[in-house]
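Copied over from Swiss-Prot, here are the features:
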- Ser14, Arg30, Leu50, Arg53, Glu145: substrate binding site (BINDING)
- Trp16, Asp46, Ser80: NADP(+) binding site (BINDING)
Amino acid sequence: MSIDGRIAMKNGESRWITSKESREDVQKFRAKSSAILTSSATILNDDPLLNVRYKKFDKNTLSTFPKKIFQQPIRIIIDSKNRVKKSHKIIQTKEKILLMRLKLDKEIWPENTKQIIIKPYKENIDLLCVLKFLGNLEINNLWIEAGSTLSGCFLKLELIDEIIIYIAPKILGHEAKPLFIFNNQLKLFDCLKFDFKDIRQIGPDIRIKLEPKNKKF
């Protein structure tokens with residue numbers, strides 16, 4: 001994100017705010033994860049693959065993730081309105097994908113893609129039920145890469161145990177999209193509080209790790 005807390009321009013343009021070094025660092029966190037979770041909005045806006053670029057790892061990183069035991073993370077997409085289609089790039093990859101939905105569609109999906117029905121919460125997908133479902137699959141290290149709305153929902157529901165932010169030395173202005181969006185306004189007394197756990201420079205950017213003060217996990 002930018003130093004004024006923005007992750008994309010008003011028109012959705014976001015490539016690239018952070019540096020190549022930061023994007024390479026993200027690959028390591030993806031590789032450590034059992035699964036990567038995103039929203040249908042991110043799929044529609046960016047059409048990402050959300051996999052690990054294993055072939056681009058340097059020797060030191062490859063030693064951490066030996067090819068014999070490395071597995072691509074499962075990709076999980078929160079898709080309450082069935083907006084993800086077979087034409088999206090992520091569906092055309094071979095690794096496993098779970099579409100979290102409120103109802104099935106009539107598409108014939110590739111073998112790697114499964115629709116999972118999750119009960120609703122206020123007309124949206126119940127995120128706590130999603131996490132419980134993933135826990136039953138022994139997915140215990142979940143990496144979330146999503147936009148302002150879904151990320152804000154996870155934070156507001158206190159379902160996050162760590163935040164990792166990459167800050168680029170850029171300013172995008174007040175019309176650009178913020179890092180988090182909450183549906184209801186918080187009073188200062190009720191604001192979400194965090195502890196800094198690690199701060200370091202990654203290329204020209206800064207990476208910050210934070211944990212909630214009242215961590216539940």
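For all residues, glycine too, the Cβ spot is worked out from N, Cα and C.
Quick caveat, the model's predicted, so the values are computed rather than measured.
Cβ environment of Ser80 (NADP(+) binding site): Ser40, Met100, Arg101, Leu102, Pro120, Glu123, Asn124, Ile125 lie under 8 Å away, each six or more residues apart in the same chain. For the pair formed by Arg30 (substrate binding site) and Asp46 (NADP(+) binding site), distance between Cα atoms is given as 17 Å, rounded to the nearest Å. Taking Cβ-Cβ distances under 8 Å and a sequence separation of 6 or more, the neighbours of Leu50 (substrate binding site) in its chain are Arg30, Ile36, Thr38, Arg75, Ile90, Glu145.
The Cβ of Trp16 (NADP(+) binding site) has 10 other Cβ atoms within 10 Å, all protein chains considered. DSSP classifies Arg30 (substrate binding site) as helix under the three-state reduction. A separation of roughly 9 Å, to the nearest angstrom, links the Cα atoms of Ser14 (substrate binding site) and Asp46 (NADP(+) binding site). Between the C-alpha atoms of Trp16 (NADP(+) binding site) and Arg53 (substrate binding site), the distance comes to 17 Å. When the record's substrate-binding residues Ser14, Arg30, Leu50, Arg53, Glu145 are compared pairwise by CA position, the greatest distance found is 20 Å.
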